[in-house]
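Copied over from TrEMBL, here are the features:
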- 1-217: domain 'Cytochrome b561' (DOMAIN)
- 40-61: transmembrane segment (TRANSMEM)
- 73-95: transmembrane segment (TRANSMEM)
- 107-132: transmembrane segment (TRANSMEM)
- 144-167: transmembrane segment (TRANSMEM)
- 196-219: transmembrane segment (TRANSMEM)
- 222-259: region 'Disordered' (REGION)
- 241-259: compositional bias 'Basic and acidic residues' (COMPBIAS)
Amino acid sequence: MVVWMGTTLTSYTVTSDDTVEAKSLSGFAWAPNDGRVFNWHPVLMSFGLLFCSSQAILIFVTKPYSHHVNKMIHVACHTCAIVSVIVGLVAVVRFHNEHDIKNFYSLHSWIGLATLLVFASQYALGFLAFFYPGVQVKLRMLLVPYHIGLGVGIVALVGITTVAGVMEKLMFNRSCNLHGTLDGLKVKGYQSWDCVLGNTIGLLILVAVLSLASAIWLSKHSPSVSEDRTSDHDSDSDDRDETKPLLKDTALKDDSKHN
């Protein structure tokens, strides 16, 4: 995404005499009325919702550290994702306002808003239930599978939203199926480098989302993993218990009794 937005992004227009004119839109900027402000949007949204969130999920699939440390990394990654998403939203809204473009009018933006609302709700509820003490153990135990399931659903929504955004950008820039005279050559059904790169990014995103969903499913349903979890729980139940809050609270002494 960084390569696409930063080096190859190009728009194409066809004049009345069928001449195809190319205009570079690549690069990043934050100056007022600079069209390159938009390019921060796909980069930051992809970084936050795809990269940071996937790392937050994978930390519980690979479990490289103690459960407490894994939880801290999980929260830190999602917090980084939220910061990145906020800046990405500011970039696209500002770009639209400066160029008299209506905000939130496309299917991509509608699905994106729904995704962000679900993501924010998931973050807030997860923070209160699993990070901050005060929630009863039984309620935490009840929330764990829903928290995981909703996380998988958010990953799917992120993939759909991102692919829709890629398609929308390619359509606006007329990067695919060009007809006319480009650089002195007659072209018909021409696919620009932008088109190839954008479609490739879309396919890679789908593969990444499916791979992540598969990894989550296997980590929760593999027989060998279940046996490992049982042994881990028997040997160190306090550290591996997902119902334990990260912040200690003396009011939750019954947690240790429950385990």
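Glycine residues also receive a Cβ, built from the backbone N, Cα and C atoms like all the rest.
Those TrEMBL annotations? Automatic predictions, nothing curated.
Quantities reported herein were computed from a predicted structural model and do not represent experimental measurements.
Model confidence over the domain 'Cytochrome b561' (1-217) stands at 93, taken as the mean pLDDT rounded to a whole number. Counting Cβ pairs under 8 Å to the transmembrane segment (196-219), the top-ranked stretch among 40-61, 73-95, 107-132 is 40-61. Among residues of the same chain six or more beyond the transmembrane segment (73-95), those with a C-beta under 8 A of the stretch's C-beta atoms are 35, 37-38, 40-45, 47-49, 52-53, 55-56, 59-60, 65, 101, 103, 116, 119-120, 123, 126-127, 131, 246.
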